[in-house]
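J.: For 1-24, the entry in Swiss-Prot reads signal peptide, with the evidence type sequence analysis. Taken from Swiss-Prot, the feature domain 'WAP 1' covers 27-73. According to Swiss-Prot, the disulfide bond annotation covers 34-62, 41-66, 49-61, 55-70, 81-109, 88-113, 96-108, 102-117. Per Swiss-Prot, domain 'WAP 2' is recorded for 74-121, and the stated evidence type is sequence analysis.
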């Protein structure tokens, strides 16, 4: 009986740990993330969408190029990008465009001079 109780508890914990990933999204919000936006905007353009449900299946409503539009979803790795305390003296080309361009757990993050692969912030 004790073994069955422990197995049931283990199964509930395993399922429960997945709930935030499934239920953490708003209704109609698709999985995946938005590609980074290169901002700043020089024009004011009307949004093409307000929420993911207005986009085709494989697309997500994201702020990109000065307005919200349906764009291909990108996979997003766990963790957040660390804050960059530096100031850019010489902008460089982006070394990545999305998290999947980076190896392992590294994320594609905005830095002072462009985007590059960084370890996620702790905490």
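Positions of Cβ are set from backbone N, Cα and C atoms, glycine also.
Would you situate these features in the structure and describe their surroundings?
T.: Taken together, the residues in the domain 'WAP 1' (27-73) have a mean pLDDT of 86 on the 0 to 100 scale.
In the three-state DSSP assignment, the secondary structure recorded for residue 34 (disulfide bond) is coil.
Summarising the environment of residue 66 (disulfide bond), the number of other Cβ atoms within 10 Å of its Cβ, over all protein chains shown, is 16.
According to DSSP, residue 61 (disulfide bond) is assigned to a strand segment.
Within the same chain, residues at least six positions away from residue 70 (disulfide bond) with a Cβ under 8 Å of its Cβ are 48, 49, 54, 55, 56, 59, 60, 61, 62.
Taking a C-beta cut-off of under 8 angstroms and a sequence separation of 6 or more, residue 81 (disulfide bond) has the following same-chain neighbours: 107, 109, 110, 118, 120, 121.
Counting only same-chain residues six or more apart in sequence, the Cβ atoms lying under 8 angstroms from the Cβ of residue 113 (disulfide bond) belong to 88, 89, 90, 91, 92. In the three-state DSSP classification, residue 113 (disulfide bond) falls within coil.
Spatially close to residue 108 (disulfide bond) yet at least six residues away along the chain are 36, 96, 97, 98, 99, 101, 102, 115, 116, 117, judged by Cβ distances under 8 angstroms. Look at residue 108 (disulfide bond): DSSP puts it in a strand.
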J.: Report, in whole Å, the straight Cα-to-Cα distance of residue 34 (disulfide bond) from residue 66 (disulfide bond).
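T.: A Cα-Cα distance of 14 Å.
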J.: What three-state class does DSSP give residue 70 (disulfide bond)?
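T.: Going by the DSSP assignment, residue 70 (disulfide bond) falls within a strand, counted as strand.
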J.: Provide the number of Cβ atoms within 10 Å of the Cβ of residue 109 (disulfide bond), excluding the reference atom itself.
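T.: A 10 Å sphere around the Cβ of residue 109 (disulfide bond) contains 21 other Cβ atoms.
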